[in-house]
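Peer 1: Positions annotated as disulfide bond by Swiss-Prot: Cys30-Cys51, Cys36-Cys56, Cys40-Cys58. Summarising the annotation, Swiss-Prot assigns signal peptide to 1-22. Annotation comment: Swiss-Prot describes Lys50 as site 'Basic residue of the functional dyad', evidence class similarity to another entry. Residues or ranges marked as site 'Aromatic residue of the functional dyad' in Swiss-Prot: Tyr59.
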Amino acid sequence: MKILSIVLIALIICSISICTEAFGLIDVKCSASRECWVACKKVTGSGQGKCQNNQCRCY
């Protein structure tokens, strides 16, 4: 039981790490969300993104 809980915690930590690296701010300046769609498509493979503080954030 103790080993199972340790493995579960390790799995959760690894999952969080992978998710935070995959999505986030990219080095593209913007003034509107539509400017981020093509850049996010190139970086993450998904066109989902928005302009936040004059920088693109991809999802």
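Including glycine, each Cβ sits where the backbone N, Cα and C put it.
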Peer 1: Restricting to the recorded positions Cys36, Lys50, Cys56, Cys58, which ones have a CA within 10 Å of the CA of Cys30 (disulfide bond)?
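Peer 2: Of everything listed, what lies within 10 Å of Cys30 (disulfide bond) (Cα to Cα) is Cys36, Lys50, Cys56.
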Peer 1: Please report the number of other Cβ atoms within 10 Å of the Cβ of Cys40 (disulfide bond).
Peer 2: 22
Peer 1: Return only the integer: C-alpha distance in Å from Tyr59 (site 'Aromatic residue of the functional dyad') to Cys36 (disulfide bond).
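Peer 2: About 11 Å separate the Cα atoms of these two residues.
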Peer 1: Per DSSP, to which secondary structure element type does Cys36 (disulfide bond) belong, with helix, strand and coil as the options?
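Peer 2: Note: Cys36 (disulfide bond) is helical by DSSP.
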Peer 1: With Cys51 (disulfide bond) as the reference Cα, tell me which of the disulfide-bonded residues Cys36, Cys40, Cys58 is the closest one.
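Peer 2: Result for Cys51 (disulfide bond): the nearest of the disulfide-bonded residues is Cys36.
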Peer 1: Tell me the coarse DSSP state (helix, strand, coil) of Cys51 (disulfide bond).
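Peer 2: Reduced to three states, the DSSP call for Cys51 (disulfide bond) is strand.
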Peer 1: Counting across all protein chains shown, how many other Cβ atoms sit within 10 Å of the Cβ of Cys56 (disulfide bond)?
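Peer 2: The answer is 23.
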Peer 1: Between the Cα atoms of Cys36 (disulfide bond) and Lys50 (site 'Basic residue of the functional dyad'), find the distance and write it as a whole number of Å.
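Peer 2: Lys50 (site 'Basic residue of the functional dyad') has its Cα 6 Å from the Cα of Cys36 (disulfide bond).
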Peer 1: Using DSSP, would you call Cys30 (disulfide bond) helix, strand or coil?
Peer 2: coil
Peer 1: Specify the secondary structure state of Cys56 (disulfide bond) as given by DSSP, simplified to three classes.
Peer 2: strand
Peer 1: Any same-chain residues 6+ apart from Lys50 (site 'Basic residue of the functional dyad') with CB under 8 Å of its CB? Would you list them in sequence order, or say none?
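Peer 2: The answer is Ser33, Cys36, Cys56, Arg57, Tyr59.
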